[in-house]
Structures are given as C-alpha cells and as structure tokens.
Amino acid sequence: MTSLVPGAGLLPIPTSSPLTAVSSLGVSLSSLGAIPAAALDPNITALGEIPQPPLMGNVDPSKIDEIRRTVYVGNLNSQTTTADQLLEFFKQVGEVKFVRMAGDETQPTRFAFVEFADQNSVPRALAFNGVMFGDRPLKINHSNNAIVKPPEMTPQAAAKELEEVMKRVREAQSFISAAIEPESGKSNERKGGRSRSHTRSKSRSSSKSHSRRKRSQSKHRSRSHNRSRSRQKDRARSKSPHKKRSKSRERRKSRSRSRSRDKRKDTREKVKERVKEREREKEKEREKEREKDKERGKNKDKDREKEKDHEKERDKEKEKEQDKDKEREKDRSKEADEKRKKEKKSRTPPRSYNSSRRSRSASRERRRRRSRSSSRSPRTSKTIKRKSSRSPSPRGRNKKEKKREKERDHISDRRERERSTSTKKSSSDRDGKEKVEKTNTPVKEKEHSKEADSTVSTDADEKDTARTEEESKAQHNGNCQPHEERLCSTADAV
C-alpha cells in the first residue's frame with residue numbers, strides 16, 4: 001500500500017545543484033552516510049551487469065520504461081527521514097524525476113520509491129545498498145512498480161480551476177478592501193464593474209466586425225482568405241506556449257494559495273480545538289471542585305452529627321452524675337438520721353430500767369433505814385421484831401404494781417410517737433430538717449435532764465451499795481421498826 005503524505009509526496013526536480021540544495025536543507029552528507037566511490041564514478045561497467053527482475057505479464061507496456069527507471073529504498077526511519085532528504089541524497093547519483101514516500105507513519109520503519117530521469121543512474125543508486133542513511137543502513141533494490149502519478153489535467157478542467165481560483169481571489173480582495181476602507185471599496189468595485197462590462201462589450205463588437213470583414217473578403221478573395229488563415233494559425237502556434245506557460249503559472253499560484261488557505265484553516269481548526277480542550281478541562285476542574293465541595297459539606301454534616309451525639313452523651317452522663325449525687329445525698333441523709341436515732345437511743349435508756357433502778361434504790365433506802373433504826377433502838381423482845389419483819393398486805397402490793405404498769409404504758413406510747421415523728425422528719429426536705437431540729441431541742445433538754453437523773457441515780461446506787469452491806473449486818477440481828485416501813489411505802493408511792 002502506497003499513500004501520499006503531506007510534505008512527502010511527489011517532488012519535482014529543482015534546478016539548483018545537489019550540493020547547494022543539501023546545504024540549503026541543512027542536511028550534511030556526513031550525517032546521511034558515506035557514499036561509495038563506485039557510485040560516483042561515471043564510467044560504471046560492473047554495475048550495469050546487475051540483472052533486473054522480470055516484470056509481471058499484466059504490466060502496461062507504456063509504464064515499463066518508468067519501472068526500469070525507479071528504485072525501491074527501504075529501512076527508513078519514519079520519524080526523521082523525509083522526501084526532501086531522499087531527493088537531495090539521490091541527486092548525487094543522477095537526475096531525479098519523482099520521489100514518493102510509502103508505508104505507515106505510525107510504524108518505526110518506512111520505504112520510498114525514487115524515479116530517475118535516465119536508466120543509467122539506476123545501477124549507481126544500487127551501489128548505495130547498505131550505506132548508512134542517518135542511523136540505519138539503506139536497502140536499495142529494483143522496483144516492480146512505477147510511481148503512481150496524478151492524472152494530467154485537460155484544458156477544460158484547467159480553465160474551470162482558473163475561474164474558481166480567480167473568483168476566490170476576487171472575493172478575498174473585496175473582503176480585504178471592505179475591511180480597510182468600506183466606503184471607498186464599494187465605490188471602486190462599482191467603477192471596476194462598469195469598466196469591465198464596457199471592455200467586454202467592446203471586445204465582442206470588435207470580434208463581430210472582424211468576422212464580418214473576413215466573410216466578405218472570403219467571398220471575393222479566396223487567396224487572401226487562405227493567407228489570413230495561415231497567418232492566424234501561425235499566431236495561434238506562437239501564442240500557445242505563452243498561454244500554456246501562463247496557465248502553468250496560474251496553476252502553481254492557485255496551488256500555493258490553496259495550500260496557504262488550507263494551512264490557515266488547519267491552524268484555525270487547531271486553535272478552536274485547543275480552546276475547546278481548555279474549556280473541557282476547565283469544566284472538568286469545576287466538576288471536580290463541585291464534587292469536593294459536596295464531599296466537604298457531607299463531612300461537615302457528619303461532624304455536626306457526631307458533635308450532637310457527643311453532646312447528647314455528655315448530657316446523659318451529666319444526668320447520671322446528678323442522679324448519683326442525689327442518691328448519695330439521700331444515702332447520707334438516711335445515714336445521718338440513723339446515726340441520730342442511734343445517738344438518741346444511746347442517750348435515753350429505757351424507763352423500765354430507771355424505774356427498776358428507782359425501786360431498787362427505794363428498797364435499799366428502806367434497808368438502810370431499817371439498819372439505822374435497828375442500830376439506834378435498844379434490843380427489845382423478839383415479839384416486836386417479828387411483827388416488824390412481817391411483809392405488808394397483798395392488796396397494797398397489787399395497787400403498786402398496777403401504778404407501775406400504767407407508767408410503763410405511758411412511756412412506751414411516748415417513745416412510739418417520737419419514733420414516728422422522727423421518720424416523717426427524715427423524709428422531708430432540708431427545710432423540714434431545720435424544723436425537726438427546732439422541735440427536737442426540748443426533747444434534747446429532757447434527755448439532758450434524764451442524763452442528770454441517771455447520774456444522780458448512779459450516785460444513789462453507790463450509796464445503796466454501802467447501805468446494803470450495813471443492812472445485811474442488821475438483818476442478822478433481826479431488828480426493824482414499823483415507823484420505817486411506813487416511810488418506805490410512801491417513797492415507793494412517790
């Protein structure tokens with residue numbers, strides 16, 4: 001597969017010498033490769049003996065000469081080698097007519113076809129086989145195909161192309177003039193259009209008159225007509241090369257203009273593509289920034305939710321601590337109430353115990369009095385002692401026991417009332433506690449009085465112990481007086 005590449009297609013032969021062309025391209029011969037001396041020798045005999053490959057049967061006989069004059073050049077670096085370099089390189093061998101690059105540009109290696117003007121330069125080119133061209137050795141061989149050239153244009157097609165090119169040139173000129181001077185440009189276009197139409201009409205009228213004259217002359221003078229025809233043919237022959245030259249020049253100009261326009265279009269398209277790519281990149285960056293902003297907002301919401309959860313947990317912990325503090329206060333208040341109750345109990349001994357103490361102290365006092373009376377009175381008859389030693393009547397004893405039981409009942413009722421009031425006061429608030437303490441002050445005074453009584457009773461007990469020892473001594477003697485018994489009974493009643 002052969003394909004034309006922009007800037008590397010069919011190249012015409014420049015008129016300058018090969019060495020000056022190489023220097024103008026900036027390609028040094030030393031970098032391209034060493035040229036063998038046999039290739040530069042014009043009198044080559046051995047190279048002409050290289051056999052040419054047989055041609056295919058279906059080859060066009062008109063292209064056989066072109067095939068014999070073309071050479072296949074392979075193992076070219078697709079990134080560095082160009083058709084201009086090959087043209088300048090093979091000009092050293094002979095006159096080069098066409099150079100065509102072939103192969104895929106994306107592949108690392110490519111190949112080319114070089115057509116020489118003379119068949120004698122082909123064996124010289126074959127001598128370059130293996131020569132280093134750049135960084136690779138060349139592979140040169142006879143070609144089996146001719147270079148495909150564009151078809152030659154007919155005069156009608158060339159005229160159409162010229163008209164199209166002229167139209168484009170006129171449009172460009174009008175556009176430029178309108179851009180620079182819109183008003184003056186419009187007036188000039190009008191004048192130019194009138195002058196052109198005037199000249200066209202003149203040319204048409206002159207041609208018509210000339211043809212009429214020729215017809216009249218042909219009728220009368222055939223010889224002069226033949227002479228004029230021959231003259232016209234000569235003029236046409238003389239004018240034809242000028243026309244051809246002008247057409248070729250116009251073609252070249254049109255091609256150069258079309259190329260420049262194509263280049264401008266390509267540059268404009270490239271600029272537009274770059275702008276579009278930049279806009280796309282900007283849009284992508286904006287989308288990325290938006291996504292980042294969304295992620296940041298989500299993270300902020302999550303952080304807020306976490307903070308709310310932490311605050312809720314802290315509130316719960318505070319509530320728990322407050323509940324614990326309340327429970328601790330309640331426990332402390334209960335413990336304080338229990339301690340107070342215990343202190344009260346320890347301070348207030350049971351009245352039964354006090355009454356028993358009093359009864360004991362009264363009995364002791366009786367015994368002491370008896371012992372004293374026995375010691376004072378003289379020892380009389382035994383009959384009197386027996387009468388005094390007799391116990392009192394059972395009726396008196398029953399009355400005393402009933403009084404003692406009533407007093408015990410009253411004391412127990414009072415204690416129960418005090419306990420109930422203390423429990424109610426402990427359940428009330430601190431304000432109630434202060435009131436309870438105020439109410440308990442008289443009770444404490446009573447307890448202090450009871451403690452004083454208990455201290456008095458202890459002193460009396462100590463005295464009773466001393467008296468009991470004396471009474472025990474007196475009982476051995478068996479002395480007692482009735483007057484002392486009466487005093488004892490009155491003390492018990494009290």
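Cβ atoms are placed via backbone N, Cα and C, with glycine included.
For 183-192, 263-340, 404-453, 463-474, the entry in Swiss-Prot reads compositional bias 'Basic and acidic residues'. Summarising the annotation, Swiss-Prot assigns compositional bias 'Basic residues' to 193-230, 238-262, 357-373. What Swiss-Prot records for 69-145 is domain 'RRM', and it gives sequence analysis as the kind of evidence. The phosphoserine annotation in Swiss-Prot covers SER174, SER187, and the record cites similarity to another entry as its basis. Taken from Swiss-Prot, the feature phosphothreonine covers THR348, and the record attributes it to similarity to another entry. Among the features that Swiss-Prot reports, region 'Disordered' is placed at 176-494.
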According to DSSP, how is the domain 'RRM' (69-145) divided among helix, strand and coil residues?
15 helix, 31 strand, 31 coil
Just to confirm my parser: what is the rounded mean pLDDT across the domain 'RRM' (69-145)?
91
Give me the count of other Cβ atoms within 10 A of the Cβ belonging to SER174 (phosphoserine).
15
